[in-house]
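What follows is one structure encoded as structure tokens, with my remarks underneath.
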Amino acid sequence: MADAAVELPGRLAILPFRNKVLLPGAIVRIRCTNPSSVKLVEQELWQREEKGLIGVLPVHDSEAAGSLLSPGVGSDSGEGGSKAPGGSAGESTKQDTKNGKETIHWHSRGVAARALHLSRGVEKPSGRVTYIVVLEGLCRFSVQELSARGSYHVARVSRLDMTKTELEHAEQDPDLIALSRQFKATAMELISVLEQKQKTVGRTKVLLETVPVYRLADIFVASFEISFEEQLSMLDSVDLKVRLSKATELVDRHLQSILVAEKITQKVEGQLSKSQKEFLLRQQMRAIKEELGDNDDDEDDVAALERKMQNAGMPANIWKHAQRELRRLRKMQPQQPGYSSSRTYLELLAELPWQKVSEERELDLRAAKESLDRDHYGLTKVKQRIIEYLAVRKLKPDARGPVLCFVGPPGVGKTSLASSIAKALNRKFIRISLGGVKDEADIRGHRRTYIGSMPGRLIDGLKRVSVSNPVMLLDEIDKTGSDVRGDPASALLEVLDPEQNKTFNDHYLNVPFDLSKVIFVATANRMQPIPPPLLDRMEVIELPGYTPEEKLKIAMKHLIPRVLEQHGLSSTYLQIPEAMVRLIIERYTREAGVRNLERNLAALARAAAVKVAEQDSVLRLGKEIQPITTTLLDSRLADGGEVEMEVIPMGQDISNTYENPSPMIVDEAMLEKVLGPPRFDDSEAADRVASPGVSVGLVWTSFGGEVQFVEATAMVGKGDLHLTGQLGDVIKESAQLALTWVRARAADLNLSPTSDINLLESRDIHIHFPAGAVPKDGPSAGVTLVTSLVSLFSHRKVRADTAMTGEMTLRGLVLPVGGVKDKVLAAHRYGIKRVILPERNMKDLAEVPAPILSGLEILLVKRIEEVLDHAFEGGCPLRPHSKL
């Protein structure tokens, strides 16, 4: 208990309390674990036979409250210390942050305390020493100077509380006597109320009758749960009259809170019956609102929702619809089944961006072009079309631009191009994945009559981005399906039609929403699965696969830096030379895009990361890490008003890095060790075309161009044609056409009927397309099928360095096909040197990079006879044939 006769020494060791105040007369228990606090307790309390006094000084999280002191760190003699302004307790200064130390806001006033109990312990297995100290507050003091002594602080202090003689003289003051009576009366009333609930208040009643009132003010307030600012206010109240006045106010407030709680409890219990027990919590809430003078049960939720809807900026007709729904919601109880669904619907109306848009900055086409060139290598025509699109937007911002649909194999940058458009327009970007969507409700939403109904993906996406004019990417639009639940592609017709999407009607929303401000961009791997009406609403931009040189540039400029960053590495740890990247492209990846290339680079980075992480030598990033010299305290309230404070150190971030004397350079040995033996080699075609009946074709798939081998054989049978390899109807018809043409021209092809294989009699033909798990279809394998059959029947091998593509007619004409660029790139990837193409596809060769064309021999043909002449070594002599 506070003692007016305590002799206060000139200097006190300071124990900081964070966001908590020890008042005179109060008793607290603290647990000291921090090294600086442990050092203070050992030197000032544990090692001394006569336990001295220590100072408890509050520490602020910020300088906003109370009187602050700026400590300096100096010697015990005061050098470098920080002096408090004399007599100006309300002034404050702020400690400068040096060497990254945290600013400490010390309060300028504290309480001298003595240890009533002290115990020492050792934690296992760490062996850390801890102390539990029970402290009693004695008297207030003011800090004149604060300095450091080793790892803790000491302060030069002066007493603030009155001495015994001064107190005896002050007790004769009539105003103080009146305040004392008022405080005791309020405190006694509080004790009377608490006696009905607690049996331990008897001791408090004895204290009230025996202890001087100036001591009771601090003791009573210390037992209440009050804010840190109010605790500081009591600590700063040196004048007895001010202290008693504040204490009386706090005691009275505590009393009133207890009385109000009792009143609410009595009112609720009086209204409850056995059938109403389940509404206990709701009755209590209603009673609390009545005490506050607020009888509107929906003010906190429904009224707030209404204000949010008013600020949403929805059109007048939709606002009327929302008001009707809101009135319906007000009439419902929260327990009713439709309450939650109705509320969720109104929240959606309030959150939709009816008027909110992204502010477009003035388009800078030069900057947009530089950004596209920086983020995407190659794709010259595609980037030029995007620049044209942006130029039109600049000249006519309200123009209805076309819906761009990027079609190309995976990994060529379709999604990132859409993101670049959003970046150039300064609009928000959202991606809607349509892969595997088979339900029309995913686009239009579910009707609200269904349980668990929700809006469609478009409306939900607009709610998430919170603007009505984003760039919306409809990803994998060719992967949608249809079943009994509807066709999502048909629902997209309204979305992508500029004449209709201004009044798009989502089934869940049930009111029109304007989608005309949205810029739609779609991506697909193939055009064929997209329904023609939907395809007609989009402008298709084809993205071909990358050439090996383009892949090399992309890897060196984009992929390798990104992979190293993702794995916590840099060029000082791992270096991948261009030659090794080229080997990865040629031997480990054969794709149109660069995803597999990135995966292989990531495998190399992971292998390097293991080597780096296994190193034993560790270097600190910070070479001079300062010791923690100041401790903040984390406090919490315990039962009975007792405070237990856990001493913890301030947070300090100390980072480590790994020492790597020399970078790891990837070579062929490391490639084989990490990636395994090469998956592809240039001799694959030669090995597979080693016998008659095998030819090399070129096909286009959703993954880009590919090399397709065709194998044929014959056996005794009934003249049937067998086809295997998961083939579609078109390619089956091409095989039938090829066999018919070969049989019809057998004599011209010098295929003797007396040979081991007679084309005109009982022989079955089996044609197989390897990679049987991959579906295949299309007419471009016609010339390849004819070449394979002629090779089979003539016992001549097809040239292994030659690949071909083209549709043929029954009269032997070779018709043009699509995907020429991708097919030529595929031939180049496989090491093919000669490519046979329809002559009418010559215009498509302009899209093939010149370095690729220079390494290939392109053979343009009009008829199938020319194909056969180029496909066999030494040509294929034909007899004159009819021109019919």
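Placement of Cβ uses the backbone N, Cα and C atoms for every residue, glycine included.
What Swiss-Prot says about this one:
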- 12-255: domain 'Lon N-terminal' (DOMAIN)
- 67-101: region 'Disordered' (REGION)
- Gly408, Pro409, Pro410, Gly411, Val412, Gly413, Lys414, Thr415: ATP binding site (BINDING)
- 689-874: domain 'Lon proteolytic' (DOMAIN)
- Ser780: active site (ACT_SITE)
- Lys823: active site (ACT_SITE)
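Projection of Swiss-Prot feature records onto the structure.
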residue: Gly408; record: ATP binding site; Cβ within 10 Å: 26
residue: Pro409; record: ATP binding site; Cβ within 10 Å: 24
residue: Pro410; record: ATP binding site; Cβ within 10 Å: 18
residue: Gly411; record: ATP binding site; Cβ within 10 Å: 18
residue: Val412; record: ATP binding site; Cβ within 10 Å: 27
residue: Gly413; record: ATP binding site; Cβ within 10 Å: 23
residue: Lys414; record: ATP binding site; Cβ within 10 Å: 25
residue: Thr415; record: ATP binding site; Cβ within 10 Å: 16
residue: Ser780; record: active site; Cβ within 10 Å: 28
residue: Lys823; record: active site; Cβ within 10 Å: 30
Once Gly408, Pro409, Pro410, Gly411, Val412, Gly413, Lys414, Thr415 are set aside, which residues in the chain still have Cβ within 8 Å of the Cβ centroid of the ATP site?
Phe406, Thr523, Leu543, Ala592, Gly593
For Val412 (ATP binding site) and Lys823 (active site), the CA-to-CA distance in whole Å is 16
Using only C-alpha positions, which one of Pro409, Gly411, Lys414, Thr415 is spatially nearest Ser780 (active site)? These are the binding-site residues in the record.
Pro409
Please report the Cα separation of Pro410 (ATP binding site) and Lys823 (active site) in Å, rounded to an integer.
16
Secondary structure of Lys414 (ATP binding site) (DSSP, helix/strand/coil)
helix
May I ask you to report the DSSP-based helix, strand or coil state of Lys823 (active site)?
helix
Express the distance between the Cα positions of Gly411 (ATP binding site) and Lys823 (active site) as a whole number of Å.
17
Lys823 (active site) versus Thr415 (ATP binding site) - Cα distance in angstrom
23
DSSP secondary structure for Ser780 (active site), reduced to helix/strand/coil, please.
coil
Sorry to bug you, but what's the C-alpha spacing from Lys823 (active site) to Pro409 (ATP binding site), rounded to the closest Å?
12
